Every structure is written in structure tokens, then in C-alpha cells.
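The domain 'Thiolase N-terminal' annotation in TrEMBL covers A:12-282. Summarising the annotation, TrEMBL assigns active site, acyl-thioester intermediate to A:Cys95. As annotated by TrEMBL, domain 'Thiolase C-terminal' applies to A:292-437. Annotated active site, proton acceptor per TrEMBL: A:His390, A:Cys425, in sequence order.
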Amino acid sequence: MPSAPSSPRRAAIVGANRIPFARSNGAYARASNQDMLTAALDGLVARFGLAGERLGEVASGAVLKHSRDFNLTREAVLGSRLSAATPTYDLQQACGTSLQTTLQVANKIALGQIESGVASGVDTTSDAPIEVNDDLRRVLLAANRAKSTAGVVKALAGLRPGQIVPEIPANKEPRTGMSMGEHAAQTAAAWGISRTAQDEITVASHQHLAAAYDRGFFDDLLTPYLGLTKDNNLRADSTLEGLAKLKPVFRPAGYPDTEATMTAANSTPLTDGAATVLLASDEWAAERNLPVLAHFVDAETAAVDYVHGDEGLLMAPTYAVPRLLERNGLTLQDFDFYEFHEAFASTILATFAAWEDPIFCKERLGLDGPLGTFDKTKLNVAGSSLATGHPFAATGARIVPTLAKLLHEKSQRDGTAGRGLISICAAGGQGVVAILEA
Amino acid sequence: MSNDWYSDFVNSGFGKSIAGTVGLPPVPRLRRYEPGQPLLSGPALLGTATASGRVAKVVRSLLTDLGVEVHEDPQAPVGGGSSTSKVAAGIVDATGLSSPADLAAIQGFLTPVMRRVGPSGRILVIGDVPGEAGAPSVRAARRALEGLVRSAAKEARYGATVNLVHVADGAENDIESTLRFFLSSRSAFVDGQRLEVGTVPGFAGSSQGVDWDKPLAGRTAVVTGAARGIGATVAKTLRRDGATVICVDVPAAGDALARTANDVGGSALQLDITADHAPATLLDHAQRHGGLDVVVHNAGITRDKLLANQDRDRWNSVIDVNLNAQLAINDALLASDVFHRGGRIVTVSSMAGIAGNRGQTAYGASKAGVIGMVDATAPLLVEKDATINAVAPGFIETDMTAAMPVGTREAGRRLSSMTQGGLPIDVAETIAWFAQGASYAVNGQVLRVDGQNYLGA
């Protein structure tokens, strides 16, 4: 048993497994979060021969979660082929969930607290929890508290027809009542993001993902599930002309003169899926002759005041990245790959625009000059969320291994080290960004 | 489990009486191997055809070491019973034949044995290799054994098998794993077959210290096409015998593959074996387990079409998966230290590659090609103390055969000496035996596992 190192070591990304992502109410309509997470874990166990092994921990989480799933990750591990002695916990940070679980597991490995761990995330919008509304809930709880039959009858006398309407989880911010798409449409309008630029990002995402599948990139990152062998949101034949025909779906409130630009194609669809990443110390990997694809270098989480502070809901990564760069003595241009979660094509374009804007960089980010631009041919080269779909909590654990494998391929090919940047925006005005190296 | 309604019927109480009355052919329940099972379930009769027989003492020594009651007289009372009491096996050392006249001694021994051998009993004839004989009368006598065995196999009842092993001159002390295979219930569906031991010169290996309950202990095996069917059973059988198993299948079958890999506590490798990088990827993955000892080329596809309707793409896909991929992987194995000294390659041919099958020109060609590959690769492997052998399954009960038309399926089952289809485990047992380190003298062989199907000789 190695002792805790005096200075932190870097956690290794050994490999990964996810199930194909499925558009909502489709292939995985009857699969629960626990089903999907268990399947993804079992695929990971099989890939790395971990049946019966006790890992340091499994950290996972879901955004849309039934109350009975309070111990979702633990239940999934108990149903998986991992040793039941593997501890777990649930974590939830909206779309940043599984980049945050990666950060947690990586940090524990870095500190020598654990030697191995799985970071993951899962989400279903098909098997979503439906609750009774607050009125009905209060009546039922009052009836439950009543100590006499008369009391129960009295409490139930408060029942009204309107209480039958259930609470269905909605993709909207509790403090603004606006959907995420409506928020993003405002940001796009504020930054003057064009429809064409968004559609170009979208087409590139689909084409890159299709090419990655064609070259077998996902053969050791993915295991089929319930008849799906690929993400079923993928449209390999997507073209700018085709996308131009779609009607916008989100209007930017407060920008009456601005054309709506966000469509069902350049916004991510509701998606079901699960993803896992295996992290470990270099020693743990070496003992098992397992590969090290890349190392987890550093990460930063930011939050913005989108309620009162005049900042876009999904703009937190714009703040997180410069802080991460400064801490690591890097510039925005110092990366070989850029993996930006495409919540909406407009979101990453607004982020890029902000970094090129001297006023924003000075006033909001406190920088001397603009962060600048970077070579966009290095952006999402194996496709991203617009093509794969976006099961909220699973996206980080999709992106981390994608980047790790890209870096590994580069180092195998060129014999040179590489570095990549990950950026994920999240509901609630938060964002998680990270650096990997190989 | 069984979808063989006829077998279920004639083995039921009512069915048995009907079948007996009207003369329906019985379908014996075959004894199959379970860990810890004794080699034989009863006494054995061991005969010798000539005074110069060279294998009887090896056989006797093995059987007595295992505590088996052995008698030389085929009419000996056994197990405290009478001269007609059932025996578990009849073995005849038929080496040293000098002319066809010597065959009479074999007849004299086997005639009572045929009456005494019990359900799932074993009759094993061990002879010299015909090709090693110069004189016509000697070679004729040696070759005659084949006709005797194949015919006797068609007469044997209640799941008893009759097989022939040709032992090369000087290899008589290298037959233990072969004896154990043919005498045990691991060979339940191998009937009327012939196998050579020690015929590829230069072999090396040992049976010393083998744990016969875990004959693959410490060995790492790769099984292609392991997601389901015969491949999944092979993976489980190799694991049962002690191997660490790498399970390979196409990415699209990854979910079933993960289940197999986790069932055997091995690892899953999603890989299209026809890809250019496949051999390198396979060897790379094997290094996780410290290298490879056993490679089972099980992956195969059918794209059945009458030759008159065949097209190039379907043809090529069958040849690529069933033959070219194996050739490419074998080349890589021969060139790499990742494939250990003493390694074993086992490949899956088919009855269709021997006898041909309507609608299966591509499949039949690929599976016959596999036999050619085995012939040519066997001598190349000698320098690594390695071997290559093929199993040629006949009608094996799988999802594929369950989907056949009833007539074809029933013909496939009944037109064999066992009057039933085999199970995936029967193929897997044969592969696991080829894979043993102790099978070092078995090289370049093709063994049919088909219950002596009447298709093909």
C-alpha cells in the first residue's frame, strides 16, 4: 500500500465505456437511470477485466432523478460486476455532473487517498420522475399526519380537481422561469451570433462524429445497449442547406429586432444515456498492464449571476477558463484539442466571441487584453453534443475519454506530448473546465 | 432448454413405451463432463492385438493410476458381477499389425465388448500411422482399422462412441491428454473419428505435473466470436479449465460480449478481426494479461446463397472473416513473442468444409480453406513448441439451427450415429483439449464433432 505522496501526482485516465446515447422516448424509453448506469459500468468492467475487483470509488450522478434513487450509484454498483465492497456516492451539478465527478475522483487519486476510481454520469428524460403537485402533496401529507379517522377525512376534504395535474420536470430555470434555450437565445442575440455560424458548428459536429465512428474511434469507448450501436441522434448526411430549412424554436426575449436563430438542430435534443471513465494512479495501471491514455492536470469551476448580474446563463466557462489558464501558466492557444460541450451551437460561439472582445475581457474577466481566438480545426474533432445528444449528467464522462484518446493517438502518432481543454456549461449559471495532457 | 421435441418425447415414460412398441429410433441422453467427474464411470477392458503392441502398457498405467478396474479378457466378470456385466470402456492396442490376418484378434476382442459397453461407453482403437508403413500388407492392415471403427461407431448404441487414434512411432508416451479426452465424457459427441498423435516431427512438451482438473491453469486464451453461441461456451469452458480468457467480437455485439467476459472474469475486446490493425490490436491487448498461450479462431459468418445467385461482396465477406482474418492473425502470432512458446492455435472448420453443403459454397470454401491452413501451419509452429488444430462441428444446437426449417433440422439431427444434434459444449470440450499444454503431440489435426453425421465421410 503506497503512502500518500508529499506532492500531488496526476491521475491517469485509463479508459472508458459508455452506452450509445438515445434521443428521448426512443430506444431507451423503458430504461431507468439505474439500468443504464449498470450497463455502462458492466461494459467498463468487461473492457478492463475488473469483474469482482474493489475499486477506490465510483462517483456518479443524474440530473433527473427519482426520489427512490437517492443511492443511485450504490445501487448500480451492487447490480454490476464490480465488487460490492466498492464505495460510491452521488453528485449532481447539472450538465457539469460527470466532469465534476471526474475531478473528484482525480483529486482523490492525486492525493493518494485512492488508487482507482470510476467517474460517471447518467440521465434519462424518458423515464423522468413525475410528482404530485404541491397542493396535493400537502393534502396527502396532512392526511398521513392525522391521528384519527376523522382527521384523515378532514384532511382529504381538501382535495380539489386541480390537484390531479402532476409536476413534470421541466428544462427551465427556477429563478427566471425561462427555458435554457430561451436563455441561450438571449445570449446569442446579445453577441450577435449568426444562424449560419451555428449551423456550421452543427454540421461539423455530425460529420466529425460520423467520421470517428467510421474509423473505429469508439470501438473501445462504447458498448452497444438495447439494440443501439451508435448515438441515434447522429445525422451523418447533415448539410448546411438542410439545416437552413429548419424553423427557429427559441426566440430571444427582450431583443424584438433580432432574428431568431436557434433551431432543433443547432440545439441539443433531450437524450438518454450513461457514461463512465476509469481513472487510476500510474502505478495501479502499470500493475495491471493497463494503458494510460492521458493525465488529468487541473480543473476550475465557475458560476455567474445570470439572475441579476446581466450575464448569460451558460457563460460560466468563459470565466472559468482564464482562471484555469492563469493558474497553469498557459494561454488559450496552448492546446492541441478543444472539447467544448455544445449545449447550443450559439453557446460556444458566444463564449468564443466574448474571449475576442477586449471590453468583456477587461471588464468582466479582469484581463489586460482579449483572451483571443484559437485554431477552430482543433475544436470537437470527434464530434460533440449536437451530434451525440446530451444526457445531462453523462456528457462530461463522454468528453473526458474522447479527449484522452485523441491525445493518446496524437502522442502515439507524433511521439510528442499533447494538451487538451474541456469546457462544459451547466444549468444554474455554472461551468466546469479542465485540462488533460498526454 | 431443449427444443428437440422428438428427443424429449422418446425419453419420456410414455414416449419410451410407444417408441419401443412401434420401433422409433431412440435418442440417448449423452453423459457429459462435469468438473471432478472420474475419467470412466466403471471398469475397462483392455485388449492387445499383437505381442508387439506398444501402447497397452501406457494405457494400463494411466487407468490403474486413476483406480480404474482393468481386465484383459473381454469376457471377464467385472465389478463383482458376471461376464456380461456392463463396462465403461473397451480399449484395444492395435499397434504392431503385420498383416490383415492380425485384424481377427481385434474382432475377437471387440465382439464381446460391443455387447458389454454401457450407455455413453467408450470404445477406443489405437493403431499405428498407416503412412509410416512401407509394406502393402502392413499398411493395409493399419488402414483397415478405419473402416472397422467407422462401421462399429454406426452400430454402437446408447451414446457409446467408437474412435481411432493413430500414434506415430515413438509417440506412445505422448498420448495421455488424448487418451483422457477420448475416454472421458468430454468427447461425448465425437464418434467414428480418427486422430493422429505425434505425426508432425519435432514436437516437444510434457504431461508432468498437469492438474487434470484445471489443465489450462495459468494460461491466457483469446476466443474470437465470443459474444454468444459456441464462442461464449468456449470462453466459459476454457475458464472452467483454468484459463484467463480474452473475449473478442465485433463492436456491434459488444453488449453480449461484455456479459460473456464478465461471466468468465476475463476481458472484452471489441474488434473487427478483418481490420488491418486487428492482429496488432489483439496482441497489444494480450499484453495486459502478460501474453497469449491459446488462440481460438471461432468467429465465423455465413452468407448463404446458391452459387448461381452469389455476389462478390457476400463471397468476400465470408472469405475475409472465416479465413483471411485467421491467416493474418496467425502470421502475427508466429512473428511475435507475445504468443508464448508452447502456444496453441485452435480453429473452427465445419462439416460443410469437408462434405460441402447446398447454398454454402462460400462458407464451405472458407472452412475447407481452414483445413489447408492447419496443414501448412502445423510444421511452422514446431519451432515454438506450438500446435494448430481444427474442430469441425456437425449439427450443433444453436440459435442458428433453431431457426432452420423443421425438415432440414430434423435431418441434421437424426442422420447421425447419435440421432441428435450436439451442444456447443461438445465443440468447446474438444477445443479445450486441443488447447491444453499436455496436448503438445497433437498437431495439424482436424477432428469432427458431429456424432458421426452421415454427411461427408
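Just so it is clear, glycine is given a Cβ too, placed from its N, Cα and C backbone atoms.
Note that this is a predicted model, so its numbers are computed, not measured.
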Secondary structure split (DSSP) over the domain 'Thiolase C-terminal' (A:292-437) reads 61 helix, 32 strand, 53 coil
Row the residue listed as 'active site, acyl-thioester intermediate', column other C-beta within 10 angstroms, all chains, value 30
Rounded to a whole number of Å, the separation of the Cα atoms of A:Cys425 (active site, proton acceptor) and the residue listed as 'active site, acyl-thioester intermediate' comes to 7
Between the C-alpha atoms of A:Cys95 (active site, acyl-thioester intermediate) and A:His390 (active site, proton acceptor), the distance in angstrom, to the nearest integer, is 9
Densest Cβ environment (other Cβ within 10 Å) across the active-site residues A:His390, A:Cys425 belongs to A:Cys425
In the domain 'Thiolase N-terminal' (A:12-282), averaged pLDDT is 94
